[in-house]
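J.: The structure that follows is given in the form of structure tokens.
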Amino acid sequence: MGKESLKKRKGEHKGGEDGQSIQSHVPQTMNLQKQANLFLFPLCGICMIVGTIIGSGIFVSPKSVLANVEAVGPCLTIWAACGVLATLGALCFAELGTMITKSGGEYPYLMEAFGPIPAFLFSWTSLLVTKPSSFAIISLSFAEYASAPFYPGCDPPQVVIKCLAAAAIVVITIVNSLSVKLGSYLQNFLTAAKMIIVTIIIVSGIVLLAQGKTENFKDSFKDSKISASSISLAFYNGLWAYDGWNQLNYITEELKNPYRNLPLSIIIGIPLVTVCYVLINISYFTVMTSTELLQSQAVAVTFGNRVLYPATWVVPLFVVFSTLGSANGTCFTAGRLVYVAGREGHMLKVLSYISVKRLTPAPAIIFYGAITIIYIIPGDINSLINYFSFAVWIFYGLTILALIVMRFTRKELKRPIRVPIIIPVIVTGVSVVLVLAPIISAPELAYLYCTLFILSGLIFYALFVHFKFSWAQKISEPVTMHLQMLLEVVPEEEITE
């Protein structure tokens with residue numbers, strides 16, 4: 001009965017009473033639509049990069065970076081160096097993205113270079129560890145800033161923070177499930193809003209410097225703590241603020257003229273973020289000494305209290321916008337990863353289905369949002385950052401290594417962008433250091449648990465992908481059918497036939 005009903009619904013969409021085809025009612029194909037452009041309406045590639053990177057990190061990480069190097073000079077150097085590393089990594093991803101123009105970020109690159117097992121482990125880890133934990137971290141940061149004005153002088157209750165974070169996740173998931181355009185409109189608005197607070201902080205810092213507030217920059221390298229472990233940990237925290245530099249590769253299929261717009265968005269977007277981050281940190285140090293910054297509970301709020309009084313409310317309000325923008329960009333791109341994994345048969349098939357009316361991968365986005373809500377229940381920001389960073393740099397390094405490998409194994413592939421081989425070699429080496437540094441300098445059981453969880457994906461790969469046991473298919477079929485009817489989604493090949 002369910003199948004007959006679905007066929008009837010499909011017949012109505014395809015023909016209707018007047019015999020017109022579906023092309024008269026919806027766009028010509030059921031594929032994800034190429035709506036993302038470089039500067040032009042409706043979705044801006046630069047806005048996606050800037051909007052996703054600038055989120056909670058620049059308001060959380062400055063204290064952690066400074067705590068590891070203990071001086072202003074090395075701190076600012078680390079922030080600039082993190083920007084350089086992110087740019088180099090993104091350029092490597094630009095070659096990969098224009099060589100293999102499939103959405104899903106690292107997934108199709110690992111598939112082409114190393115085969116299905118590493119690609120499956122990446123999708124497994126991304127779906128259940130890195131992407132949900134990143135979304136959860138940003139949402140919890142939003143909730144902390146949003147609730148802080150209502151609890152002056154004390155920390156907001158955890159139940160309030162987690163309820164607000166869950167509400168933000170639900171709203172963002174619904175928006176991105178309903179419409180690509182709606183999600184991109186929201187992204188562009190929130191990016192504009194966050195650039196306002198970034199501009200306010202930067203301009204305020206420049207004005208203070210012009211007034212002679214430079215005493216905190218004297219002997220800026222004095223008493224610094226420079227060692228391999230301290231620098232590595234400082235990079236760890238700084239790179240968390242830059243995470244998102246690879247986000248356009250998740251929507252390559254939806255980017256107009258990716259050969260031009262992907263590298264241009266990277267070359268413009270990430271250096272812009274780097275300049276903003278360095279200038280924001282300089283602004284912080286114009287009004288706070290290193291000790292005062294380390295003692296601050298919220299660096300941006302402390303800055304606002306000292307510089308923007310009586311308009312101090314501006315800072316938490318626009319930080320809320322900033323975190324929402326980052327969360328929205330993360331949801332938009334991560335949903336495409338789940339979609340591609342489902343399309344390749346590495347996740348439930350229903351996750352690769354597309355909404356008939358909305359032309360969005362709604363099941364993938366909804367599933368991603370649900371996993372994220374589970375993460376915020378027991379988790380806190382610090383533990384989630386450690387968990388996330390360790391896992392994500394394993395696959396960043398493996399993906400850049402894939403670029404090196406394919407230079408020798410897939411020479412026939414067209415490469416509209418070709419970076420010097422030394423760049424992926426450097427990025428791969430740095431990623432190895434970033435993965436090993438926290439284990440050596442501050443070993444924790446969380447890293448062991450994360451490694452075991454990644455490797456546990458091999459069990460699921462063997463059961464559900466390699467051997468494809470019939471009992472697993474029988475269990476998933478009724479689930480797929482019910483979700484198909486409930487969400488009004490179908491496989492793209494059934495529509496394009």
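Placed from the backbone N, Cα and C atoms, the Cβ positions cover glycine too.
Here the structure is a predicted model, which means the values were calculated and not measured.
Below are the features listed in TrEMBL for this protein:
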{"type": "COMPBIAS", "residues": "1-12", "note": "compositional bias 'Basic residues'"}
{"type": "REGION", "residues": "1-23", "note": "region 'Disordered'"}
{"type": "TRANSMEM", "residues": "38-59", "note": "transmembrane segment"}
{"type": "TRANSMEM", "residues": "71-97", "note": "transmembrane segment"}
{"type": "TRANSMEM", "residues": "159-180", "note": "transmembrane segment"}
{"type": "TRANSMEM", "residues": "192-210", "note": "transmembrane segment"}
{"type": "TRANSMEM", "residues": "264-287", "note": "transmembrane segment"}
{"type": "TRANSMEM", "residues": "313-339", "note": "transmembrane segment"}
{"type": "TRANSMEM", "residues": "359-378", "note": "transmembrane segment"}
{"type": "TRANSMEM", "residues": "384-405", "note": "transmembrane segment"}
{"type": "TRANSMEM", "residues": "417-440", "note": "transmembrane segment"}
{"type": "TRANSMEM", "residues": "446-467", "note": "transmembrane segment"}
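Context for these features, please: burial, neighbours, distances.
T.: Sequence-distant contacts of the transmembrane segment (264-287) (same chain, at least 6 residues past either end, Cβ-Cβ under 8 Å): 38, 45-46, 48-50, 53-54, 58, 62, 72, 75-76, 79-80, 82-84, 86-87, 90-91, 93-94, 198, 201-202, 204-206, 208-209, 213-214, 216-217, 241-242, 245, 248, 293, 299, 302-303, 306-307.
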J.: Quickly jot the same-chain residues contacting the transmembrane segment (384-405) by Cβ under 8 Å, restricted to those at least six beyond its ends, or write none.
T.: 89, 92-93, 95-96, 106, 109-110, 112-114, 118, 122, 125-126, 129-130, 133-134, 136-137, 140, 236-237, 239-240, 243, 246, 375, 421, 424-425, 427-428, 431-432, 434-435, 438, 444, 446-447, 450, 454
J.: Are there residues at least six beyond either end of the transmembrane segment (446-467) with Cβ under 8 Å to its Cβ atoms? List them, or say none.
T.: 116-117, 120-121, 124-125, 128-129, 345-346, 383, 386-387, 390-391, 394, 438-439
